[in-house]
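Peer 1: Once you've had a glance at the structure underneath, I'll fire off some questions.
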Amino acid sequence: GQVVYSIAEETERGASVGNIAKDLGIDAATLSARKFRMITGSSKQYFNINASTGAVSVKEPIDREQLCELKSACVLNYELVLENPLELYRMELKVLDINDNSPSFTLSEYHINVPEFLSPGARFTLPNAQDLDEGTNSVQNYTLSPDEHFSLEMQTRGDGSKYPELVLKKALDREQQATHRLVLTAKDGGDPPKSGDVLVIVTVLDTNDNAPEFAHSVYRASILENSTSGTLVVQVHATDLDEGPNGEVRYSFSNTTSADLQRMFLIHPHTGEVTVNGVLAVQRPLLEMLIEARDNGAFGMSSTAKLLVEITDVNNHGPEITVTSLSSPIPEDAVPGTVIALLSIMDKDPGENGKVTCQIPDNLPFQLKPSLENYYSLVTSGLLDRELISGYNITITATDLGSPPITTQKALWVQISDVNDNPPVFSADKFDVFVEENNPLGAFLYQISASDPDMGENGRISYTLRNSTVAGSALASFLSVSSANGSIYATRAFDFEQLRSFYFQVEAKDNGSPALSAAITVNVYISDQNDNAPTILYPISQNGSVAVEVVPRLADEDYLVTKVVADDEDNAQNAWLSYHLTHSSDSTLFRLASHSGELRTTRSMRSTDFLKHKVVVVVRDHGDPPLSSTVTVGILLADTLPQALPDFDDSGEPPPLLNATNIYLIVSLACVSCVFAAFLLFLAIVRL
């Protein structure tokens, strides 16, 4: 998972560094499809990677000294990210030093005051040259322009560092030559070597022949990086054997000490106390300064000592959590172990203060797994169900091992996307539909409903009728269903007398891929309407004639004349029949049972009764509104069945009063009455 390249600084643009795909064993053809990208903490991009071939080339020339300053090793770290599947690689680019910097001195010229009475062998500290290159490309030696009074020697301090000293090899005579101009040359070890010069002006003095001497050539101190302003670092001390002003010592930072360090620390000119001045804004754990002790003589003499300050780290930086890659939303059917996010967790503190532990809450179906150094992968550890939880707010907690520890939290929102894992579910096990017969075409019958907890197209339901037949006909000729809302409509008028009930199945299907479905049975019950009048089965009128019943001439009371029989194809109360006598030629002679339809005599027949009677019977159901049928029954009073039935078209009216028989009877009655009246008159006369 890691590849290391080396490249010399100042390499020109476009120069090849290597092939990342070949060196890591990755198919270069898949780099673009897998969204290959390079991540670095640097604000400037120095390298290009061809996404088609994996070739690494120089984008911008690198100045190692500007990029890494005084670090011994200059390394650029890159993270290479590939998706589908998510992979992380690390690429290190070591920037090699070339001899592109010449040694230089802080000042353009240095002045040294030398008392003329000094004996040969006296030594004077010369300035050190600075070379930003490292190793053999840095300063290796010094040379001094030829002079009969002075020579150059190299000295070693207690820490092993070397510095040049000017050695007096011949006594000076200020009256002969008051000033000596020397050229100090610093050379590095590059190929070819580079050099830098500085003018050293030696002024010959007459007094003060002792320079201050430090108690130690190297002072060491250690302070905390969060030390406040005024904190004492160390106190240096130097002595001067001279007396009076020539023996009074003043302390200051040498001109070779960087301006940043001189602003960061203060040195008391009289006590030699070095204190903190402001914030210690440095990244280097060891700081090096030169302190100069100079006496107050007319021509002050000086000496230098090195001060090494070790900055002790305190836990003042919290962990930094960076989301390098995040996949959201993720499908709810993601298998355990699916990588969701790649996190980079860094702590700028060194040592234990920079070590970090990372965790997430235990009640989530996720876990953190260490990846490369300072990297973690967020993976699924359990099954996901969007219908239960549609998203997770994952709080990542990073804590360093400092004392006290510092904790940083970062929240990630991971959304769960839907997959079609739920079929539609109906609101009941079955549906019962009741409809009246003779319904209009297209009448709404019922609306079935199903629900699907999935979302979007996976939860959008359509309804269809499953193919089947009803009474030998296709179901579609009876019903239709709305695919959008499950409303059921009639495509024909139902007839209770032909079809009283039937059932069919409705299928609910979602729009997922693959689609899931469920079916339910719908029972249809057709209710009756009073759309059929009673049908009279007996007595039967043929060709519009009156049905005739023969009754004995002297029939007894409650004699069964006939029974009217009728039927109604409707159901329930629509088929409950009642019988009514609406017309009778003699209302005192016949009665009709309303429930049975039996026509009986109300009294015994008499010889004086008419021989011919006619009654009208109405058969009525109990529907709303009720329907009825009528039948006319002719009744003939005869002891034997006549050869020819009389005509009942006269509606059963009695015969005319003045026929031959009636006249005879009237005359007879009148005669008898007259005889009886005469007899009564005779008796009255006799008695008188």
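Cβ atoms are placed via backbone N, Cα and C, with glycine included.
I grabbed these lines from TrEMBL:
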type     : residues : note
DOMAIN   : 6-105    : domain 'Cadherin'
DOMAIN   : 106-214  : domain 'Cadherin'
DOMAIN   : 215-321  : domain 'Cadherin'
DOMAIN   : 322-426  : domain 'Cadherin'
DOMAIN   : 427-536  : domain 'Cadherin'
DOMAIN   : 561-648  : domain 'Cadherin'
TRANSMEM : 663-686  : transmembrane segment
Peer 1: Sort the residues of the domain 'Cadherin' (215-321) into helix, strand and coil with DSSP and give the three counts.
Peer 2: 10 helix, 48 strand, 49 coil
Peer 1: Same chain only, please: residues at least 6 beyond the ends of the transmembrane segment (663-686) with a C-beta under 8 Å from a C-beta of the stretch. Say none if there are none.
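Peer 2: Same-chain contacts beyond the ends: none.
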Peer 1: Write out how many residues of the domain 'Cadherin' (561-648) are helix, how many strand and how many coil, based on DSSP.
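Peer 2: In the domain 'Cadherin' (561-648), the DSSP-based counts are 4 helix, 41 strand, 43 coil.
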Peer 1: Average the pLDDT scores across the domain 'Cadherin' (322-426) and report the rounded value.
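Peer 2: Taking every residue of the domain 'Cadherin' (322-426) together, the mean pLDDT is 89.
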Peer 1: Counting by DSSP, what is the helix, strand and coil composition of the domain 'Cadherin' (427-536)?
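Peer 2: Tallying H, G and I as helix, E and B as strand, the rest coil: 7 helix, 52 strand, 51 coil.
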